[in-house]
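Report on one structure; see the data block that follows.
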Amino acid sequence: MSQLNVDLQEIAKFEALAAKWWDQHSEFRPLHQINPLRLNWIDERAGGLAGKKVLDVGCGGGILAESMARRGADVLGIDMGEAPLAVGRLHAQQENVQNIEYRQIPVEELAQEQAGQYDVVTCMEMMEHVPDPASIVKACQTLVKPGGHVFFSTINRNPKSYLFAIIGAEYVLRMLPKGTHDYHKFIRPSEMAHDIRNAGLTLKEMTGLHYNPITKRYWLAPNVDVNYMVHTVKTGA
């Protein structure tokens, strides 16, 4: 592909942190903390993950991908950063998780190879790091089987999300390294819904992901002002 739908600076951020991906006290602590919540949410809405072929787009070091494999899914994790993928492969080997594979490939390229081959496609905490989110949504639609499930998560774009996701998370609480997020790449739910419809997916549910920094507790609620997750289905034959 002559022009990849990637931001090299975004990839470099996570490449530099790759060795810490499975350290639950590192910059990736928030991903470890939210993972049980998002895993159960995906598992329930997909009608169970066991025995299904699952693709995790923008998998990084494999926190979600490996947890889905542990639920019995046959998982492929893809990412454009080689260092996080190497970490994911090593961790799966150390934990003897055999039903998982990792590849460095753009999702648009994989869509040309494996159209309609996946029961479930996940793309979590990744949409706000690419130049063209709509292209990602379309590729995910291509990859999932008719009747299959596609899940996304991202961050809303408004003053509240800037305050919470950037000022609060990166500068005040220091949950994330400074510069992790670019406010202008955040995606409003209306924009997300537009891309979903244009791709030929049916929006089933949109829910907010919330965090209390005092109790360090995460929960789901209807408010989608900051972080939110989306469940879609590919209808038709």
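Heads up, residue numbers simply count up from 1 along the chain you see.
Cβ atoms are placed via backbone N, Cα and C, with glycine included.
According to Swiss-Prot, the protein carries these features:
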type: BINDING; residues: Arg38, Gly58, Asp79, Met124; note: S-adenosyl-L-methionine binding site
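Sequence-distant neighbours of Met124 (S-adenosyl-L-methionine binding site) (same chain, 6+ apart, CB under 8 A from its CB) are Arg38, Asp56, Gly58, Leu64, Phe151, Phe152, Ser153, Met229.
According to its DSSP assignment, Gly58 (S-adenosyl-L-methionine binding site) is coil. Classification of Met124 (S-adenosyl-L-methionine binding site) by DSSP places it within a strand. Of all the binding-site residues listed here (Arg38, Asp79), it is Arg38 whose C-beta has the fewest other C-beta atoms within 10 angstroms. Following the DSSP three-state reduction, the secondary structure of Arg38 (S-adenosyl-L-methionine binding site) is helix. Here the Cβ of Gly58 (S-adenosyl-L-methionine binding site) has 22 other Cβ atoms within 10 Å, regardless of which shown protein chain they belong to. Comment: S-adenosyl-L-methionine site residues Arg38, Gly58, Asp79, Met124; largest CA to CA distance 19 Å, whole number.
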